[in-house]
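TrEMBL annotations:
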type	residues	note
ACT_SITE	Lys78	active site, proton donor/acceptor
BINDING	Gly178, Val179, Gly180, His181, Val182, Gly183	NAD(+) binding site
Amino acid sequence: MFDHPSYDAHEGVHMFQDAASGLRAIIAVHSTARGPAAGGCRMWNYGTGEAMLKDALRLSQGMSYKNAMADIPLGGGKSVIWGNARTDKSPELFRAFGRAVHSLQGQYTTAEDVGVSVADMAIVREETPYVAGLDQGDAASGDPSPVTAKGIYLGLLETAKRAFGSDDLTGRTVAVQGVGHVGGYLCDHLAGAGAKLVIADIDQAALEAVARRTGATIVEPDAIYDADADIFAPCALGAVVNEQTLERFRFKAIAGGANNQLVVPEMGELLRRKGILYAPDYVINGGGIINVAAEISGNYSRDWVDAKLVRLVETLGEVLDEALSTDTPTNEVADRIARERIAAAT
Ligand code: NAD
């Protein structure tokens, strides 16, 4: 473990196996310097245990950075369950996972991530209070996507201000990849601000619903990279900024909600050289975890969430300004600030 390329002085990496339910899970606690670790639970059919471990290590480190940039009193952690989210789920599996979370005695709080639903988390809640993203209960905050999308919209305006000298979106075109929870709400904000939209998804019904509401133009999934648009808002998959797609981009800015948009961190420098202003993903998409943090506090307050969101968008602006004035990739500036904030709390 200590030699693993993705091991970043994680405080704890815990493996769980439950023969009765078939649970195989890893909970990685990267840092509790700023508070108890928080981050979602991903259920994925990994090819190997090594791939699962790598995901847990990288995702938990990412949560430390995201929570630090959102300036919430939480550290970073993440859990992964090995299995097919469509065929391998059972109440017993999530109860066993809940007991695993509970064994860490609050060092880690879980929530939904890819493959895991609010209903799954309700089962986890039967075994442990260290769970968020619930839709029942006093502090329940439910689906974080509207808050995530609002943060991305405000962050996109900050990015536009620096890329175009104005945050007026009238007549500007935004290419939105993925119109699911986050992308759908984002399109509503953008259309309301007068932007023209080009959208792509693999879900035809979602596309048609958004196009009906916003007048967006629909393109084939792969054609989104060639869209004649000012801003690209990836809201579906990771690794969409890579050497192949970069050659096709005519965008001047990237501001979207997907996690891990850069296939490798070095893409940040290539974007900079091409004159594309990139809003680092884990900064601009921090609205959802702010909402979850409000729930974890046990005293959900919409005003607190809104104030944190405003501050997050200011932080994004500071990252972009520093990057532009020092000719540094935006992701490098964000990483440095996140590491400093974590170190300051250690
Ligand atoms: P979602 O599943 O609701 O939406 C994703 C959409 O992308 C779906 O409509 C899906 O059909 C589409 N999609 C899948 N493959 C595609 C492809 N090849 N081309 C185009 N579209 C494709 O998920 P979401 O909650 O909206 O999250 C979107 C992204 O934002 C994810 O990367 C997620 O990790 C990230 N994120 C979400 C939140 C949140 O609050 N939900 C917070 C932070 C980050």
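Cβ coordinates are placed from backbone N, Cα and C, and glycine is handled just like the others.
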Other residues with Cβ within 8 Å of the Cβ centroid of Gly178, Val179, Gly180, His181, Val182, Gly183 at the NAD(+) site?
-> Ser145, Val176, Gly184, Tyr185, Leu186, Asp201, Ala206, Cys235, Ala236, Gly257
Which has the fewest other Cβ atoms within 10 Å: Lys78, His181, the recorded positions listed?
-> His181
Using a 10 Å radius on the Cβ of Gly180 (NAD(+) binding site), the other Cβ atoms enclosed count 15
Report, in whole Å, the straight Cα-to-Cα distance of Lys78 (active site, proton donor/acceptor) from His181 (NAD(+) binding site).
-> 21
Quick one: give me the count of other CB atoms within 10 A of the CB of Gly178 (NAD(+) binding site).
-> 26
If you measure from the Cα of Lys78 (active site, proton donor/acceptor), which of the binding-site residues Gly178, Val179, Gly180, Val182, Gly183 is the nearest?
-> Val182
If you draw a 10 Å sphere on the Cβ of Val182 (NAD(+) binding site), how many other Cβ atoms land inside?
-> 27
Can you name the residues of this chain that are 6 or more positions from Val179 (NAD(+) binding site) yet have a C-beta less than 8 Å from its C-beta?
-> Cys187, Ile199, Asp201, Asp203, Ala206, Leu207, Val210, Cys235
Surrounding CB atoms that lie within 10 Å of the CB of Gly183 (NAD(+) binding site), all protein chains = 26
